[in-house]
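Trainee: Next up is a structure, given as structure tokens.
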Amino acid sequence: MSEGNTTDQVHADFKYYEYEPNLAGNAIFIVLFGILTLGHAFFQFRQKTWYWIPFTLAMGFEAGGYVARVASIKEAPNFTLTPFLVQTLLILLAPALLAASIYMVLGRLIRLLDAHEHAIVRVNWLTKIFVAGDVLSFLTQSAGGGLLAKAETQKEKDLGTSVVLAGLAIQIVFFGLFIVTTILFDIRMRRRPTSRSFQVVANWKQLIFALYLSSVLVLVRSVFRMIEFGAGKDSVLMQKEVFLLVLDGALIFGVGVVFLWRFPGEVLVGYKDLEGKREERVPGSSGSRSDVESRGGLNEAYPMVGRGSYARESKIERSPRR
């Protein structure tokens with residue numbers, strides 16, 4: 001007897017679904033997330049936004065999760081463990097991947113707007129803190145899912161559930177802190193906007209809104225999954241598939257749509273050039289940063305053009321000496 005068959009027999013008494021899964025509803029999400037995966041991959045490679053790779057992978061995780069879910073549904077009534085486990089893990093872990101990209105956007109936006117003083121944490125640490133929390137959440141949820149997969153007793157299942165809940169709690173805490181950080185940054189920018197914020201042609205305020213909306217959607221989804229796992233199989237959340245499809249699938253689909261509408265790369269193009277530009281020599285000056293600022297500031301020396309990038313080809317005109 002193969003190891004796979006042994007595993008399936010060990011879980012023979014396990015009830016895979018507390019409801020009759022809807023094939024059509026799950027198949028629709030394969031198409032929707034497939035489109036989002038292709039869309040984000042296209043923009044990611046076109047604009048070389050490599051920090052967006054986790055987000056694109058998350059959309060792929062969702063699509064793959066629903067493929068496995070449909071495969072599992074087609075096995076009814078003789079369900080097996082493998083497709084059930086794959087769909088559970090991929091759909092559970094996808095938001096942790098997309099969160100990493102969302103966290104990296106804020107730090108890049110702060111640099112683009114030269115708004116370091118408006119961040120509540122040093123920008124160099126901002127992304128590291130949130131991404132570290134996200135990695136911790138991802139690993140914890142993965143560990144919990146692994147424990148659930150090989151659990152053979154109720155005690156082991158309870159342990160796996162507890163670990164998954166801990167991972168979701170970490171995700172909720174860090175997303176909550178991220179929303180607060182974004183709100184405070186937005187408030188400070190409204191009160192004391194930087195001069196560069198007026199010169200960025202791309203609509204960075206829409207990107208802020210996208211961060212708000214996507215964060216709330218992921219937060220609501222994570223709260224739902226935490227309540228769902230915590231309440232157990234006898235809860236209405238476990239017994240009605242519509243809750244999973246709406247409060248997980250539809251919400252994460254919404255996050256993917258939000259960032260196709262306002263793809264971060266369209267705003268953050270060329271942000272890496274800013275730090276280099278700050279140190280470049282200005283014709284007719286000593287080349288120091290203070291000298292540049294004395295001549296009207298970095299923003300006048302290097303005006304923003306296009307979709308948020310510096311004019312790389314333009315030349316800085318010198319005023320004639322008198």
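Placement of Cβ uses the backbone N, Cα and C atoms for every residue, glycine included.
Quick paste of what TrEMBL says about this protein:
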- 310-322: compositional bias 'Basic and acidic residues' (COMPBIAS)
- 279-322: region 'Disordered' (REGION)
- 23-43: transmembrane segment (TRANSMEM)
- 50-72: transmembrane segment (TRANSMEM)
- 84-105: transmembrane segment (TRANSMEM)
- 125-143: transmembrane segment (TRANSMEM)
- 163-187: transmembrane segment (TRANSMEM)
- 207-227: transmembrane segment (TRANSMEM)
- 242-263: transmembrane segment (TRANSMEM)
Trainee: Can the transmembrane segment (84-105) be said to touch the transmembrane segment (23-43) if we require at least 3 CB pairs below 8 Å and skip pairs under 6 apart in sequence?
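Mentor: These two segments do not touch.
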Trainee: Considering only Cβ pairs under 8 Å, which range in 50-72, 125-143, 207-227 makes the most contacts with the transmembrane segment (242-263)?
Mentor: 207-227
Trainee: Could you tell me what the rest of the chain brings near the transmembrane segment (50-72), counting residues at least six beyond its ends with Cβ under 8 Å?
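Mentor: Same-chain contacts beyond the ends: 16, 21, 23, 26-27, 29-30, 33-34, 36-37, 40-41, 43-44, 79-80, 83-84, 86-91, 93-98, 100-102, 104-105, 108, 249, 252-253, 256, 259, 264-265.
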